[in-house]
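S.K.: The structure that follows is given in the form of structure tokens.
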Amino acid sequence: MIISAASDYRAAAQRILPPFLFHYIDGGAYSEHTLRRNVEDLSEVALRQRVLKNMSDLSLETKLFNETLSMPVALAPVGLCGMYARRGEVQAAAAADARGIPFTLSTVSVCPIEEVAPTIKRPMWFQLYVLRDRGFMRNALERAKAAGCSTLVFTVDMPTPGARYRDAHSGMSGANAAMRRYWQAVTHPQWAWDVGVNGRPHDLGNISAYLGKPTGLEDYIGWLANNFDPSISWKDLEWIREFWDGPMVIKGILDPEDARDAVRFGADGIVVSNHGGRQLDGVLSSARALPAIADAVKGDIAILADSGIRNGLDVVRMIALGADSVLLGRAYLYALATHGQAGVANLLNLIEKEMKVAMTLTGAKTISEISKDSLVQELSRIPSGLAPLAQGTAA
């Protein structure tokens with residue numbers, strides 16, 4: 001299959017992966033309205049084309065949390081990444097490291113902190129949930145710090161799991177799920193050999209290290225279901241600060257008031273995110289939520305954004321809407337599933353090229369020059385409360 005755009009990786013991944021894994025990452029909550037709007041709203045953001053601006057010295061480099069990034073992109077935390085390619089977290093981290101951008105390790109990764117961190121030169125980021133087992137949280141923070149992780153990404157939009165109906169149909173959960181997953185695995189030989197046979201162990205490395213015993217997929221589902229904590233509050237940030245003194249980013253912000261609270265409670269950054277449409281269906285897309293949040297806290301805190309970003313043009317759109325940088329999730333996982341580290345490296349090359357084209361044709365020589373002035377306001381009235389966007393078809 002010819003890979004000429006990031007979207008090609010999705011089609012390739014669907015052929016390679018067992019359905020339970022493809023639909024786990026591809027799907028969203030409930031009827032998946034927010035999942036679709038994440039992509040559609042962002043695709044409808046119209047950029048303002050400018051010409052004859054002498055763009056010969058264009059630069060994508062930026063700084064974030066005292067780190068220099070080759071472009072304003074980081075790889076988002078993705079659970080079970082190591083089930084999509086052999087030791088997937090290690091491969092994805094290597095691709096990000098070579099590109100000069102951060103990789104974020106998920107709490108529920110297959111490869112533990114201690115396996116991934118020594119393989120890269122750049123300090124990785126670590127993502128943490130608020131869980132009932134505070135002993136695990138403290139253990140994870142201490143291990144992340146000991147491994148040299150530079151930034152903590154604290155996910156706050158999962159006090160309870162979202163209702164992901166696709167999982168019951170695909171075999172991730174539901175009746176006879178284990179048997180269905182087994183049959184899917186043996187009928188997808190490329191994945192079965194690369195990951196099923198050679199990608200072991202398949203446990204959740206960070207959790208296994210804490211519990212002192214292997215953990216499989218069933219353990220993953222059960223452990224998370226029993227440990228999400230609906231009592232989460234802003235005071236939990238104060239507790240985390242007892243064990244973490246580096247940059248802390250709050251992931252899962254969709255409302256300006258929550259963004260202001262993040263500033264008040266001393267966070268260093270926020271991620272404008274609806275968890276890729278996987279938690280509460282019907283909430284605003286990140287593209288629609290971002291401008292009002294930027295108006296509220298831009299300059300007071302670093303603003304990152306995710307959900308719906310599929311290519312370099314989308315990165316430029318998010319920055320024009322108010323983000324300082326973005327996180328890539330599904331896009332890089334499709335590439336990882338298709339060609340491993342090389343796939344992620346190629347995806348990042350594609351994104352860089354697409355960003356350069358977009359910046360060249362909008363007259364922005366640097367990341368700091370991408371702003372709301374880069375948008376055609378008549379078509380880009382994204383903030384909640386303004387006129388709806390013109391209808392279009394998502395790319």
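The backbone N, Cα and C atoms fix where each Cβ goes, glycine too.
As annotated in Swiss-Prot:
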- His275: active site, proton acceptor (ACT_SITE)
- Tyr24, Tyr129, Arg164, Arg278: substrate binding site (BINDING)
- Ser106, Gln127, Thr155, Lys251, 306-330: FMN binding site (BINDING)
- 1-380: domain 'FMN hydroxy acid dehydrogenase' (DOMAIN)
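How buried are these features, and what lies next to them?
M.R.: Listed in sequence order, the residues of the same chain lying 6 or more apart from His275 (active site, proton acceptor) and placing their CB within less than 8 Å of its CB are Thr155, Asp157, Met158, Gly162, Gly252, Ser307.
For Tyr129 (substrate binding site), the Cβ neighbour count at a 10 Å cut-off comes to 24, with all displayed protein chains included.
In this view, Arg330 (FMN binding site) is surrounded by 25 other Cβ atoms within 10 Å of its Cβ, with every protein chain counted.
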S.K.: From the Cα of Met318 (FMN binding site) across to the Cα of Tyr24 (substrate binding site), what is the distance in angstrom?
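M.R.: Roughly 25 Å, rounded to the nearest whole number.
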S.K.: Give, as a single whole number between 0 and 100, the mean pLDDT over the domain 'FMN hydroxy acid dehydrogenase' (1-380).
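M.R.: A mean pLDDT of 95 is what the model gives the domain 'FMN hydroxy acid dehydrogenase' (1-380).
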S.K.: Nearest by CA distance to Gly322 (FMN binding site): which of the binding-site residues is it, out of Tyr129, Arg164, Arg278?
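M.R.: It is Arg278, whose Cα lies nearest.
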S.K.: Any idea what DSSP makes of Met318 (FMN binding site), helix, strand or coil?
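M.R.: SS state of Met318 (FMN binding site) = helix.
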S.K.: Going along the chain, which residues six or more apart from Val326 (FMN binding site) have their CB under 8 A from its CB?
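M.R.: Correct list: Pro72, Val73, Ala74, Leu304, Ala305, Asp306, Ile309, Asp314, Val315, Met318, Ile319.
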